[in-house]
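Visitor: According to TrEMBL, the protein carries these features:
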| type | residues | note |
| --- | --- | --- |
| BINDING | ALA26, GLY27, ALA28, GLY29, SER30, GLY31, LYS32, THR33 | ATP binding site |
| DOMAIN | 5-284 | domain 'UvrD-like helicase ATP-binding' |
| DOMAIN | 285-563 | domain 'UvrD-like helicase C-terminal' |
Amino acid sequence: MSIYDTLNENQREAVFHTEGPLLILAGAGSGKTRVLTHRVAYLIEQGVMPYHILAITFTNKAAEEMKERVDDIVGENGGSIWVSTFHSMCVRILRRHIDRIGFDTNFTIYDTDDQKTLMKEVIRLLNIDTKVFKERMLLSIVSSAKNEMVSPDEFEQRMEGDFQKKRIAKVYREYEKQLKKNNALDFDDLLLKTVELLQRDEEVRSYYQDRFRYIMVDEYQDTNTVQFELIRILSDKYRNLCVVGDDDQSIYKFRGANIQNILSFEDVYKDARVIKLEQNYRSTQTILDAANAVIQNNKGRKEKALWTDNGQGDVIAMKTFESAYEEAEYVVGDISQKVREGKEEYKDNAILYRTNAQSRLFEEKFVTAGIPYKIVGGVNFYSRREIKDILAYLKTIDNGKDDIAVRRVINVPKRGIGLTSVNRVQNYAQDKDISFYDALLGADFIPDIGRGLSKLESFVALIEYLKGAKEKLGLFDFVKEILSKTEYIESLEQEDPEVAQTRMENIDEFISKVAAYEENAIASGEQASLSGFLEEVALVADIDSLDESQDYVILMTLHSAKGLEFPSVYLTGMEDGLFPSYMTIVADDKDELEEERRLCYVGITRAKQHLTLTNAKRRMIRGETQYNKTSRFLKEIPRYLIAKGAVFEREKPDRDGFGFKPKTGFRENPFKERKPIKQFNVNDSSGPGYDVGDRVLHTKFGVGTVTNITAGGRDYEVTVNFDTAGVKKMFATFAKLQKQ
Ligand SMILES: Nc1ncnc2c1ncn2[C@@H]1O[C@H](COP(=O)(O)OP(=O)(O)OP(=O)(O)O)[C@@H](O)[C@H]1O
Ligand SMILES: [Mg+2]
């Protein structure tokens, strides 16, 4: 029996159709992603070199899964195939060739926070009135322009004649100039610069066109204009382009996704073959019927007939609660009961919601009930203050042109460098058109720098010392050297002890990540470089941290749930004013409403066996109590699919069409950070469980002898002389050494 026997006829057809453009347009759970994986395997079996294959997924995690599955099917042969997200692929290309369009190959990648800082700088430089133009709005305009591949010049022409809009054009131009000056790219640039590179450089273009003879793109309905162009250029020579998607699941319009890319694929690629998959393997008929009933209400979609032979399954549970507290209590209790009865494991359950803020109540209940849970999204680990500080040191050392990084750490920890000095350096750098750090290097030339000079000089000396240390030390030791030389931990200890504790735990986790990165690199015979690490960090998305081997309930927004599936799904907060959102309702925007309805369709179709839909009559949103009616999407689900006893609340007359919201002055508690993993405590006299002279085993480095143990700030620092890997220093908490 071959692996292709497990596919249905249409799926097989899609797998075997390898030459020329191919569109697989199909509904949720019909095996689109599975087809892509099998197609990669089939190509390799047909003798296509893995090197000639490019597969693009929506998340790094999906890329990893695809690689693993391809490896399962074809053995380790899949090694040199590129399976990655658009962004990772672009970084890989740019690191090699971006110098051809005038950037250094060690560019920094700016995240949203960095972008905001830079935009503030632009606003200051151009004297922009922040009452008229908010930085977030400006960033989103710039981002849309980039996604549409509109250059600052073009943008300016379009804005001709309107004074306010011309100001925005100036902002865009200056923002670009500053990015360049910092040798930095924002997320949109990763795509845009790659397209620019491929357009401008004939040599690079032919290289990649020849390399990627077979290109596949998953979740094609959410590609934007630049991504479309990128794929078009890359596939222009061989034209073996296979895209898969579902127009009903296009949910990223706010990030520039263009649904036309999938809807007009056949117009652009006239010889395209189109294959539809109609059998759903994921869900019960009841769940599918509900999903179909909801999405029917959208206009301008491609009609699809989804069916399944998974059977009718359970009816859908629908519950209305007085308050969001009760909603959370019910969901947590329900999961807990199923697990106690042995019906399911925690990880079979996903709680989905429209906005990140909704996770908090569930989290509280899980903590009280002692149930393991994992929130995807929310405060990103890498955007925490302490982690950003360390990253800024790393960036300062790696790419001295990154002004934002340098300015972030110049007085962190406090070393008496005031804003006046920083501004003087800044103005000088601006005048001379040099980077902030270059200005620091020649700080004695800066007019009026006066008494600030010696402190600036010692900061420069510190950074120069660390640059030298970087060359001598492994990455892990180097990060520890930074912490020690900057006395960062000590500075945290002077803060509020409880906050400091959490921050230090995060730093420990960060150091573990560095160690893991270094170990992985060593294990795969590569150099663990600082740039490589920073790149990995810049590209991690929250969803990448999901680990199927762990038994926890998963909580995430509907947007993050795309492509995933769970035996039991709780779609929570199904209320008009929340989902669909307040803005959509008041603006009466049909396109927005359809986008939200697609999101609802995505949510429903994540469920394999059980679907529970909940709503609360009363909930606190941004500190205000809101009274909401049941979501209009729920009312689109036929009653016969819903468990008896579910009652829609009676419609209340209201003033603005969706419920009234009395104001209260009551604020919600600030989000409380979770307590992370167990740590060794140096005050605990039991020690790390081994002693100097003991033989210990490390999972990567093998066996060695402990030569030193020091009680560091909050952990033991252990030095081991490994028989083959040499001397290494590590923290006991994550070195996980086993006494032999
Ligand atoms: N021919 C098949 N036989 C058995 N199971 C299948 C088959 N095709 C797909 N499946 C299973 O159905 C489920 C859904 O498949 P997959 O995730 O590939 O669908 P999809 O179309 O990509 O869904 P989505 O639109 O949500 O991304 C998976 O668990 C997959 O393993
Ligand atoms: Mg899929």
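Note: Cβ is positioned from N, Cα and C throughout, glycine not excepted.
What you are looking at is a predicted structure, and each value in this text was computed from that prediction instead of being measured.
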Visitor: Relative to ligand 2, which of the binding-site residues GLY27, GLY29, SER30, GLY31, LYS32 have a Cβ found under 6 Å from one of its atoms?
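Guide: Result: LYS32.
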Visitor: Which of the listed binding-site residues (GLY27, GLY29, GLY31) has the least company, meaning the fewest other Cβ atoms within 10 Å of its Cβ?
Guide: GLY31
Visitor: Mind looking up the mean pLDDT for the domain 'UvrD-like helicase ATP-binding' (5-284) in the predicted model?
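Guide: Average per-residue pLDDT within the domain 'UvrD-like helicase ATP-binding' (5-284): 92.
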Visitor: Provide the three-state secondary structure of LYS32 (ATP binding site) computed with DSSP.
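Guide: SS state of LYS32 (ATP binding site) = helix.
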Visitor: For the binding-site residues listed here (SER30, THR33), tell me which residue's CB has the most neighbouring CB atoms inside 10 Å.
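Guide: The residue with the most neighbouring Cβ atoms within 10 Å is SER30.
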Visitor: Mind giving me a neighbour count for ALA26 (ATP binding site)? Other Cβ atoms within 10 Å of its Cβ, every protein chain shown.
Guide: 26
Visitor: Return the residues near ALA28 (ATP binding site) by Cβ distance under 8 Å, restricted to its own chain and a separation of at least 6 in sequence.
Guide: ASP246, ASP248, GLN249, ASN280, ARG282, SER283, ALA291, LEU306, TYR601, VAL602, THR605
Visitor: Could you list the residues of the same chain, at least six apart in sequence, whose Cβ is under 8 A from the Cβ of LYS32 (ATP binding site)?
Guide: ILE24, ALA26, ASP218, VAL244, GLY245, ASP246, LEU277
